[in-house]
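So that you can see what the record holds, here are the features copied from TrEMBL:
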type: DOMAIN; residues: 19-368; note: domain 'Aldehyde dehydrogenase'
type: ACT_SITE; residues: GLU145; note: active site
type: ACT_SITE; residues: CYS180; note: active site
Amino acid sequence: MARSSCKLALKELKQWMMPQKVETSLATYPSSAEIVAEPLGVVLVISTWNFPFSLSLDPVIGAIAAGNAVVLKPSEIASATSSLLSRLVGEYMDKSAIIVVEGAVAETSALLEQKWDKIFFTGGARVGRIVMAAAAKNLTPVTLELGGKCPAVVDSNVNLQVTSRRIVAGKWVCNNGQACIGVDYIITTKELAPKLIATLVSVVEEIFGKDLMESKERSRIINSFHFKRLVNLLEEDKVSNKIVFGGQREESQLQIAPTILLDVPEDSMIMQEEIFGPLLPIITVERLEDSFAMINRKPKPLAAYLFSDDEQIKRKFVQNIYAGGMAINDTILQVTVPTLPFGGVGESGMGSYHGKFSFDAFSHKKAVLYRSFAGDSPTRYPPYTPGKKKQIKALLSGKLLNIMLALLGFYKD
C-alpha cells in the first residue's frame with residue numbers, strides 16, 4: 001500500500017496541484033476566481049505500531065506531496081521498524097524535508113510541546129485526546145486516525161462460506177485482530193448463529209490448521225502488556241464461560257489462538273472497549289434490524305461491515321449506521337481504494353487521508369479572487385443617494401435586485 005500511494009502521488013501530483021477554477025458572483029463582475037493549494041508548513045506525523053511501515057509512510061507521502069517539511073515519530077512499541085525507518089529515511093531522503101525522531105513517551109511529549117502547522121496522529125483515543133489538547137494550545141489543526149469497535153452484521157441470506165472467509169480475513173489474517181479496521185464483533189440472528197460459527201471454525205482450521213497454536217500464518221500479540229490485556233478480557237467472570245471455540249494462549253510466545261465467544265453480556269469489558277486482538281464475540285438478535293440500534297448505542301466506529309443480499313437492508317445500513325467507512329459483503333478492502341477517504345468520525349477520529357485526500361489533508365485551500373481595474377461601479381461607494389438607488393433599480397429587478405441591494409448595504413437604516 002505504501003508503494004501504491006507513492007506511485008499514485010507521482011502520477012497525479014501535477015493534477016492535484018493545479019489551481020481549481022470556480023465561478024464568481026454578479027457582485028464581483030467582472031472577475032475570475034480559483035482555489036490554490038498551498039503547504040501548511042512543518043508537520044508532525046505520529047504513527048502507531050500495528051502496521052508500523054505503511055501507517056508511518058502513507059501520511060508522510062501526502063505531507064511531502066503537498067510541499068511540507070515533516071518530522072516523523074514512529075511507534076517505539078514496534079522498535080525494529082522504528083529503527084529501520086530512522087536509518088532508511090536518513091540514508092535516502094532529504095534531511096531538510098523529512099527527519100525521523102525515535103523515542104517513547106518523553107520524546108513524544110517533547111515534540112508535542114513544539115508549535116506545528118499540522119499534527120497527524122494514528123493510535124488510540126486516549127492518546128488522541130492528549131495530542132488534541134497539546135495542539136489546542138497553539139491552535140494547531142489535527143488529523144486523528146483512531147479506532148473503535150467495528151461491527152460486522154451477517155444476514156441469513158448470505159453465502160456462508162464466502163462470508164466466513166472474508167470475516168476471517170478481516171479478523172485473524174489481518175494482523176491477528178490487531179487492526180483498527182478489523183472486525184471487532186459480529187451481530188447475527190439467533191437462528192443463523194450456529195451455522196455461522198460452524199463455518200467460521202471450518203475456515204479458521206482450513207487456513208491456520210487444526211493446531212492453532214502451531215500455525216506460522218498468524219501474527220503474535222505485540223507485547224506482554226497487550227497479551228495480559230486480552231487475557232483479562234477473556235477471564236472476566238461473565239465472559240469466560242462464553243467461549244465456543246479457541247481460547248488457548250501461551251504468554252512466553254505471545255500467542256493467543258483465534259477465539260469465538262457467543263452472546264457475551266453487552267456491559268462486559270470485551271463489549272465496551274476496542275478488542276484489538278484475536279477475540280471475536282458474536283451477539284445474537286431476533287431480527288437483523290435490531291442490530292442497528294445496538295451499533296448506534298456505541299461510539300461511532302472507524303468501519304462497519306454488512307453481509308447481506310437484501311438491497312433494502314443494504315440501503316438501511318448505509319443510511320442509518322454512523323461509521324468512518326463501510327464495506328458491504330467484505331471487510332477491510334475499503335482502505336485499499338485510493339479514491340475513497342479513510343478516516344473516522346466522533347470517537348474513531350477526525351479528518352481523512354489516502355490518495356488525493358492525503359494531499360488535501362496537508363494543504364491549505366487558499367481562496368483567490370482576480371479583478372481588473374475596469375468595471376468599477378460608482379454605485380458601490382457612499383454616499384448612497386436616491387439617484388444611485390434609482391440607477392440600480394433600472395438595471396435590476398425582482399429577487400436579484402433584493403440580493404444586490406442587501407450586498408451593497410442599501411437596507412441599512
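Cβ atoms here come from the backbone N, Cα and C positions, even for glycine.
Listed in sequence order, the residues of the same chain lying 6 or more apart from CYS180 (active site) and placing their CB within less than 8 Å of its CB are ASN50, GLU145, LEU146, GLY147, GLY148, CYS150, GLU274, PHE276, LEU302.
When other Cβ atoms within 10 Å of the Cβ of GLU145 (active site) are tallied across all protein chains shown, the result is 27. Confidence annotation: the domain 'Aldehyde dehydrogenase' (19-368) carries a mean pLDDT of 96 in the model.
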